[in-house]
Amino acid sequence: MADQIPLYPVRSAAAVAAANRKRAAYFSSAGPGPGADRPSRYQLEDESAHLDEMPLMMSEEGFENDESDYHTLPRARITRRKRGLEWFVCGGWKFLCTSCCDWLINICQRKRELKARTVWLGCPEKCEEKHPRNSIKNQKYNIFTFIPGVLYEQFKFFLNLYFLIVSCSQFVPALKIGYLYTYWAPLGFVLAVTIMREAVDEFRRFQRDKEVNSQLYSKLTVRGKVQVKSSDIQVGDLIIVEKNQRIPSDMVFLRTSEKAGSCFIRTDQLDGETDWKLKVAVSCTQRLPALGDLFSINAYVYAQKPQLDIHSFEGTFTREDSDPPVHESLSIENTLWASTVVASGTVIGVVIYTGKETRSVMNTSNPKNKVGLLDLELNQLTKALFLALVALSVVMVTLQGFAGPWYRSLFRFLLLFSYIIPISLRVNLDMGKAAYGWMIMRDEHIPGTVVRTSTIPEELGRLVYLLTDKTGTLTQNEMVFKRLHLGTVSYGTDTMDEIQNHLVNAYTQTQCQAGGSSAASTPPRKAPSSAPKVRRSVSSRVHEAVKAVALCHNVTPVYEARGAAGETEVAEADQDFSDDNRTYQASSPDEVALVQWTESVGLTLVSRDLTSMQLRTPGGQILTYCILQTFPFTSESKRMGVIVRDESTAEITFYMKGADVAMASIVQYNDWLEEECGNMAREGLRTLVVAKRALTEEQYQDFESRYNQAKLSLHDRTLKVAAVVESLEREMELLCLTGVEDQLQADVRPTLEMLRNAGIKIWMLTGDKLETATCIAKSSHLVSRTQDTHVFRPVTSRGEAHLELNAFRRKHDCALVISGDSLEVCLKYYEHEFVELACQCPAVVCCRCSPTQKAHIVKLLQQHTGRRTCAIGDGGNDVSMIQAADCGIGIEGKEGRQASLAADFSITRFKHVGRLLMVHGRSSYKRSAALGQFVMHRGLIISTMQAVFSSVFYFASVPLYQGFLMVGYATVYTMFPVFSLVLDQDVKPEMAMLYPELYKDLTKGRSLSFKTFLVWVLISIYQGGILMFGALVLFESEFVHVVAISFTALVLTELLMVALTVRTWHWLMVVAQLLSLGCYVASLAFLNEYFDVAFITTVTFVWKVSAITVVSCLPLYVLKYLKRKLSPPSYSKLSS
């Protein structure tokens, strides 16, 4: 029976059958047409459709439908067709207005089409088109648009616009109520704070932009070097960049002071990677005798149009004044992108892109303006308050009998009750958010934490899904070599000394053979038995494997010079290579780990430049290899290779290493590679397959000519180059399989356990292979070892996805492991169903995920579940995911600071996530919920008093309190105690960490909901009525006594309500209470205009105020006591 349950439960079997009959009738009634000879869709159905399995969406559909088929579209796209009057009234008008405005803006600011260009060296005047200025501008406004822009940003929100209209209405004599400053002072304070904050931020941006744009660079001209500002650099200029200087624009690398014709650059501010990148100068210009000779040649660079991809470039360098003309292909290794830093030597480049066309600017996207769920909920409540305001005003006018100009009375009542919507709500919440951020950064238990987005700290307390990267986030990104497998023998960490012995034996025999052949000595004696032959065979294989690992990489040893200059340079062959200050630079930690391992077993990389590398054997002999070609690693090919020539033997060898999925079809047939890759992956090791192929001189010469020709192609260069390289990647000899371990970070297991107990579902999104990702998920206890795991089989069609989803549907409480390719197919056809099933899993592991897929998964969870998501990562490939999530957390790791800088919160260790969420996230949400509701209570209670007062006095639209009383009530009299609620806590941080189940209650939003809001409304109505009626009943003769009694009781009631709300007292809370009370008592002496000073000093005044205050507050204290006794909250059991 389980097989017959449809995955999409809304459609019953009868409904499906009815739909089948309707569609069959439709197709049969359509009659023959142009496609009559084509079989129907029912005839195209897979045989699998006749299984007992019910289909996921439409049982009558064939699996192999056209992509444009309506029924295969995601539901999010289908629902867009349902637009009508209801859609327009409920918000569709906003969408239409926004679309029209965007259309007009696009028409007015039409982007210039980007084109390829020809750039002549040192001749910017030859540029055929005008290019953007090379200036950086991060400012949002200029001197003319600052005030209008800031005001627009404030008043585009309904509430701020409402307060502006209310304040402006006081200029109309017929609508004026009290003093102008009663309304303009709070609004002016909010605007002044906002304008000052924006002005400071804008001035800082201006200073940063000015500093960058004013940096001086040396520009090479016919007359020599001249100093030029960065903002004045043009396309075609020859710019000289010194060591440790930022590259001002995108350039082609022409010359360097380094003898090797290459230099290192740091790209951490561009791609987030901390490893240095090797860049190569154009050989034609590097060979010129002098720097000034650049103007004696007639040369140009052809560059492709500006693009986003920072890892690719296609262009050509042409020198026309030589015979024949020189043509060199240009690739990414010949470029110097803006915002990178020269790490060695001095470089000269020709500018090809400036300003907005540089790679760094084009990849700088404006992240979405994140709005917290609490802010959205408060916005809904304020809309409800506005409706209550309008309803109350209409009721008052109705009871008044619409006498006289009723519309004027209606507007005056709207003004009188305007305090229902407190203008101080936004100010208090913003100040509270700033306080939460300060507390987070001051927490000694999570040192180094930085709050970069101060507007969403409450989001940390409402998370349901946590999406995390693996490498560098759950793991340390510190690679340690653990395993070498040769097929018949495997070496681990405890047997590395055997590899060292094999290397010593191999190189000793090589030296003896070389010495014996040169001296024409007697031939070597044969081995006495077969055992030595086996040992020599193993030694030879180990030697070949280690040598391949030591040669096939992109690692460069760098030595810090001890001289006065203190510059970093590559060691030469005649240097002392035993220097302790040697470091390895590479594009990946895996590469460094492999080279460090070969050094540990005796084969050391001591030198490398563009054309050669040198190895030192265990016996101290230096081996020199000429680098003929290098094929760097790409995410598409998943492998890298190098062709080298042994200088001593003239042998040419092609070495290659890569992922098993890429290398399996390249190496010769074997029966152990797939099995051992799986075994290593289950141990949590990152595997690489190493292979080689010997080449003859003729073979290499033929390859080189075809390779160089392909590199000069202007169209489809990448494909043509890949095709030529693939011609070599055939029947390669499998040498070994390496295993590198990426160790888990400290306290990852207890942190994940804590998050799981808090009700947070954790998804791991990684670009690593399936086996490794699964192993890390189990070793980190993301997936418990006793928990079932469903590995989603690779699917490529809709039918396969259908069957696999049905197989997954029958499993319960199991973790899901799926690859990025299979995920893409499932989302194409069954987006809603897949997300619905995946969200039911306790854990999900997505492997082989691209950065865009990571961000897409985050958006899918937001769209289909409506729950709050958090993304955490440490690399540049996690930035899109972090920015797409409701709350982004970046870890400062070995892959750089790009993720950290793009995140809302930055931490140094994954284990800090636990305290960040359980303590600070939980406290921030509960504090802001209490603060927001209390501020609304403060406005509701005084509006209730105004309503009672107006009702008693024949519905007159006369204010109860005027002038400074209203301003003081919203500020000095109650602001400090109310704001002190940001220090409140229901449980101690240690208890919140010990019992993460407390966090689970927050996801239900019970601390701030319409239920709690209605409770506060009832409290406000009760207290406002008691205060006003009590004052009216107890006053004797003068009306001013009513104001004195009611207002004093109101202030005391607010202070007592804060005390009632507080759960854990802080000394600053006591100070705030006493300070506010002291300010009010002291101000009584100066409020002769509002109070009778002689009356407020009498005992009668004191007992009347005390009686009214007790009646308004005592029942609430009793109710709170009874609730704690009869139905205590979960946290009270722990705090007691």
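Here the Cβ of each residue, glycine as well, is placed from N, Cα and C on the backbone.
A quick note: this is a predicted structure, and the numbers were derived from the prediction, not measured.
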Same membrane side for PHE144 and HIS1066 per Swiss-Prot: yes
Matching range for Swiss-Prot feature annotation, transmembrane segment, among 10-30, 409-429: 409-429
Leading stretch by Cβ pairs under 8 Å, where the reference is the transmembrane segment (409-429) and the options are 146-166, 940-960, 1042-1062, 1067-1087, 1099-1119: 940-960
Rounded inter-Cα distance in Å - LYS657 (ATP binding site), ASP469 (active site, 4-aspartylphosphate intermediate): 25
Lowest local Cβ density (other Cβ within 10 Å) among binding-site residues: LYS657, ARG848: ARG848
Where LYS657 (ATP binding site) sits in the secondary structure, as DSSP reduces it to three classes: strand
Dominant neighbour of the transmembrane segment (1042-1062) in 175-195, 940-960, 963-983, 1013-1033, by Cβ pairs under 8 Å: 963-983
DSSP-derived structure type at THR471 (ATP binding site), helix or strand or else coil: coil
Distant-in-sequence neighbours of the transmembrane segment (940-960), which means Cβ under 8 A and at least six residues beyond its ends: 177-178, 385, 389, 392, 396-397, 399-400, 409, 412-413, 416-417, 419-420, 969, 1016-1017, 1020-1021, 1023-1025, 1027-1029, 1032, 1043, 1046, 1050, 1053-1054
Spatial separation of ASP469 (active site, 4-aspartylphosphate intermediate) from PHE633 (ATP binding site) - C-alpha basis, Å: 21
In contact by Cβ distance (the transmembrane segment (384-404), the transmembrane segment (175-195); 3 or more pairs under 8 Å): no
